[in-house]
Amino acid sequence: MALRNHSTITEFILLGLSADPKVQILLFVLFMGIYFLTIMGNLILLLVIRADSHLHTPMYFFLSHLSFLDLCFSSVTVPKLLENLLSKEKIISKEGCLTQAFFVFDIGGTEVFLLSVMAYDRYAAICHPLLYSQVMSSQLCVRLVWASWGLGFLDAVFNIPLAMNLNFCENHIISHYTCELPSLFPLSCSDISTNVTVLTGSTLLHGFGTFFLILFSYTRIVSTILSISSTTGRSKAFSTCSSHLTAVSFFYVSAFLHYLMPTSGSPLELIFSIQYGVVTPLANPLIYSLKNKEVKTALRRTLGKCLQW
């Protein structure tokens, strides 16, 4: 009966990052530059891995999929952010909002699983080098990538259809620059207890499940590295993991904290979201190209071939 006294909301207003028009213009230029560099950086990394036969290994196979995920993830959130920075209305439909939330869940969840797969790949390479080619066969690599996509999709399927049944009344202002479930729940006039339970459960299962896989892999990796007698050998072994550890820290920690902390629209919440949604897709190709000698060498070879043409 109570719902009859309210008009059902069919669109939301995304408040974004600032209400000051001058600041919005500066932010538009900043995020446009970040988005352009993200697209270019990940495309270049994808092309270099595909073009250079020296990089046709499991590690770079997974890295190419990570770059593709970063392209997709950034394209789900940043274009709408750029549009709203230039728009006075900053409106997004309920269907558009839930669609964006679905792809954030799907792609973000896939990326978390893929990062744990990449940790296992490093474990196999460092702890079992003689068996590495047998353990990380091409068939297994393809199956692990498909499993990552499937589990990410499953996570979104559990959460988003439940949100589609929610009613939104009166309050339709989202204190965020993008649509994510933690920001939508406080606006609903329906009972959200089931939604919150499913979201918390899937986040904990998803987050801690992949965290323990990464923790197990790196516990064994560190133990193996410390047992190496030569300093050069330890340094070489650690260098193959440093890029991945940096990528995990950038994405995993900020995303996990954002989905578990109370929704308030606070600057800290926005910073976490920007870090994993905007900065990390740009940072990953830089991390893997600047800290990885094989990628830098392959990039020089590819550029050399292009110049000869």
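A Cβ is built for glycine as well, from the same backbone N, Cα and C atoms used for every other residue.
Please treat TrEMBL annotations as automatic predictions, because they have not gone through curation.
Copied from TrEMBL, the annotated features are:
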- 25-48: transmembrane segment (TRANSMEM)
- 41-288: domain 'G-protein coupled receptors family 1 profile' (DOMAIN)
- 60-78: transmembrane segment (TRANSMEM)
- 98-120: transmembrane segment (TRANSMEM)
- 140-158: transmembrane segment (TRANSMEM)
- 192-216: transmembrane segment (TRANSMEM)
- 237-258: transmembrane segment (TRANSMEM)
- 270-290: transmembrane segment (TRANSMEM)
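Long-range contacts of the transmembrane segment (192-216) within its own chain (CB-CB distance under 8 A, at least 6 residues past either end) are made by residues 109, 112-113, 115-116, 119-120, 123, 151, 155, 158-159, 162-163, 166, 181-182, 185, 248, 252, 256, 259-260. Taking Cβ pairs closer than 8 Å, the transmembrane segment (25-48) reaches residues 17-18, 55, 63-64, 67-68, 70-71, 74-75, 78-79, 81-82, 85-86, 278-279, 281-282, 284-286, 288-289, 295, 298-299, 302 in its own chain, all 6 or more past its ends. Confidence for the domain 'G-protein coupled receptors family 1 profile' (41-288), expressed as mean pLDDT, is 84.
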